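Here's the structure we're looking at; comments come further down.
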């Protein structure tokens, strides 16, 4: 180190930046930094905190003893197969069973067009990998699933949000956006949508609009990626007909056993047109060679031997009770000026705060009061959405949900007082997306 | 294994800095194990008191940051349990953790610290924010630094360069605490000086200079490797470096601290250090300043922690 004095300082060689590889990361890793919001969620994992943040299924409602026996029996009977590498496309028998599951939503798929993936999240990653060059446009609902936005960002896609209301994507907004982008020469690679019990908004695309969305995309040559993890968890009537059911060539359908069975198996799938399917299998093989044979066979055994439709009913009833508790608690306790969606299935309520409030600013105080939620900014690619927050009802017991909403209402009250003190201008929209961890997505 | 017996590293807690604390706890546990110490790491929850009573450790290393870890609460409980621990006692922690009180104390022994005002949010509500904020800007000038009066890791802290940005800085600050410390921002070199007392009185480790890549030493810059450039020792003249060391040792002594502390300060353009705050449970993560200072001094972090635990065990409980 040199020692030339300079205004009381000395000029030195380079300092340490701790990470020896700091200048070698790809540009897409630039945004991978420690974040305050993630730090706050570390507190939310403690049992003292009522977490209305996590999107974790209530797996305790499964017959765990039965699942345990099934897994043990699988190893005893079929161990040499279950513990061996499998095919890149996934176990053929499970793919047949997946077609049975999809039939509940009107899909007549062929097992040969199914690719089994590590949760539908991996299907999303593979789809993005094979379609997206940096700068390509992906259309997505605004707000959209945080895990999808993370994947799209990793492949340097440009996400353009499409406006939604209580009935899902607004077709006129979709048509206008597609027209404007295509006129400007943008390459729209696909529309990513969660049409049923959307994460995070909890809303469902109505039947009439489904036809309109399909038509708009077909006319414009825009592929649809339909992500449908919650479709079988509706609280009223039969499942909605999937978009894929009415356009096999224009839709890649993503499904998952994470919510209808358990996320720990990490079994999801993509159903794709043949040519896309071929590319997905190759991409799958280059990513992980093959999915876990063990968990695929375990899920297959579960579907073959257990009353899985009855189990889904059990989940539906459980989540319906929790949804009801959350809605009645919000109604009874939240300050005037707050609004929220009324989901007819799935896991989430999307709440809007009174004008001028910022859910990210609210979060530290909420954590101090022992309640957590996910701020809206995580669900927009541009970091907007500060007035919103996602409240999940899937995991806490009903009495904990009520207590959580009570605490949250108190926090919003305090924040309203602060807004009145400092003015609405003191709450600018934050830029920058804070991605929660996998248990919160 | 050392003859220290088994020690307990406390990490986690329910403060905003839980994640940082867990990282500090892991690091301290690792280096202690490497130094031959039998270590148990645990969170602070309802099982803590019964487990300590059932199997008392020879000493405790507190790596809890923020809240109960630094405000004296956990240390009071350890006193109640008659368990020895590394670091300041609960009374000293209570004073040091409250930044305005600590500033008053160090100023009373002649240390330079930026002019400031401390106000709870109710004051703004009761008297009207714009009148009070206007007077603050008039009195202290710009730029200002706004932070919660208690807490760490720059959570809720921000630099204010124009008066119109002050209200949003206040809202950000009040997200993390009910009382704000608003101080005159001194442009200069950010420096941290760790102090350790290995039985022969408090000694300053080499000052560490902090140069955030994006100019702001915020949460991301603190805990993302690569986002900040550190110089250990700091690029200071021997005289300025000595003044920084003296400031840290004086603060440590004046605040009645023990064993270990870290003083954060800023060196202005004239080479004068200004006291900002002191930490009684300094960060011990891979990107933390005390471990860097120890390395710059040629100290092995594991040996240093082991000696501190041995001292605490020999001293016994309060």
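Glycine too: its Cβ is placed from the backbone N, Cα and C atoms.
Bear in mind that TrEMBL entries carry predicted annotations, made automatically and left uncurated.
Residue B:17 (active site) carries neither a helix nor a strand DSSP state and counts as coil. If you take the C-beta of residue B:17 (active site) and look for same-chain residues 6 or more apart in sequence within under 8 angstroms, you find B:65, B:66, B:67, B:69, B:151, B:152, B:153, B:155. Annotation comment: TrEMBL describes B:17 (among others) as active site.
Look at TrEMBL and you will find B:103-310 tagged as domain 'ATP-grasp'.
The Cβ of residue B:153 (active site) has 23 other Cβ atoms within 10 Å, all protein chains considered. Per TrEMBL, active site is recorded for B:153 (among others).
When secondary structure is read from DSSP and collapsed to three states, residue B:277 (Mg(2+) 1 binding site) falls in the strand class. Residue B:277 (Mg(2+) 1 binding site) has a Cβ environment of 23 other Cβ atoms inside 10 Å. TrEMBL lists B:264, B:277 with the feature Mg(2+) 1 binding site.
What TrEMBL records for B:277, B:279 is Mg(2+) 2 binding site.
In sequence order, B:24, B:27, B:282 are the residues near residue B:288 (active site), counting only same-chain partners six or more apart with C-beta under 8 A. Annotation comment: TrEMBL describes B:288 (among others) as active site.
On its own chain, residue B:279 (Mg(2+) 2 binding site) has B:70, B:96, B:152, B:261, B:262, B:263, B:264 as residues at least 6 apart in sequence with a Cβ closer than 8 Å to its own Cβ. Residue B:264 (Mg(2+) 1 binding site): 19 other CB atoms within 10 A of its CB, across all protein chains. Proximity to chain A, defined as a CB-CB distance below 8 A, holds for B:17 out of the recorded positions B:17, B:264, B:277, B:279, B:288. Looking at the domain 'ATP-grasp' (B:103-310) alone, the prediction's average pLDDT is 95.
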